[in-house]
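A quick write-up on the structure given underneath.
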Amino acid sequence: MRYLITGATGGLGGHILEYFIAQIPFSDFAASSSSPENRSRFESRGVNFRHLDYENPTTLNRALHDVENLLFISTNANVIDVEKVKRQHRNVVEAARKANVKHVWYTSLPFGGLTNDSEVSVQRAHLATEKMLKESGLTFTCIREGIYVEGFPLFLNWYPETTLLTLPRDGEIAFTSRVELAVCTARLMIQGGFENRIVLLTAGETITAKELVSVINETTGRRVELRYVSPDEFVDAGPRNDRGGKSRAFFETLVSLWESAASGELRTMDGLMAEILGRDPIPPRDAVRQLLVENRDHTWHQMYAKK
């Protein structure tokens, strides 16, 4: 099997799968999911399916048999549980090594750009995985994917009903279209190369929280106000006032994300994405405006705590 796409029921993985369906013979790739119940969803479209669960080494060993290129989508485990992420990723790397996978394409995060200096907990988990890959002897490419522009409500903790937003800090973020990231990731895999390298895919412009609020107001006619509060006040008030029922740990994580943005960790941009697309990526301001024109109440699934 030339290509195995993990996370095929998710956002990024799903878009990558659609690119493969449109561009590659069906016999050359397979989709995988942690839920065997998804088999019919793919096979009804003629797509090969393999059950693969990051928590279950048996499924990993079986699914990775004869795979040449593995798209290793980082786990969707709660980003607050860094140790769980590391454990699951270690399972994948070990199984890929045992299966002699020829090339692992890993989706990482862009905190710190192309450096390894970020102290943000979610990025430390990715850095640990990148280190595992380097030490495994596998051929790999770590793709640091830009922050999804579609998820901007999560960074602001903005709901359609919100009239007053509070944040602990502000900073520039190179928010990037998830659809464009998927296209570029798929093209990287298909064209090959970039062996044992870390690459960065981002939009060519940045945007701040203050500017995001302006776009919300300009596009939807709302009058959302943004105030800056201390990190302690933000964390204390967040769980009490949150419509989505998110935990205190979420707001602690959000503080660290905005502190990293304020220090410049998310403003690094790279020209590789434009090179792969053959044009400039959609700027974050335009992307947010487009999302809100399509749905003035645009939201993001992680805004609501899982029950």
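Any Cβ shown, glycine's included, is placed from N, Cα and C.
Not measured: the values here are computed from a predicted model.
Taken from Swiss-Prot as is:
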BINDING   4-9, 32-36, 53-54, 74-76, 148-151  NADP(+) binding site
Counting other Cβ atoms within 10 Å, pick out the least crowded of the binding-site residues SER32, SER35.
SER35
Tertiary neighbours of GLU150 (NADP(+) binding site) (same chain, Cβ under 8 Å, six or more apart):
GLY11, SER177, ARG178, LEU291, HIS298, TRP300
Local Cβ density at TYR54 (NADP(+) binding site) - other Cβ atoms counted within 10 Å:
25
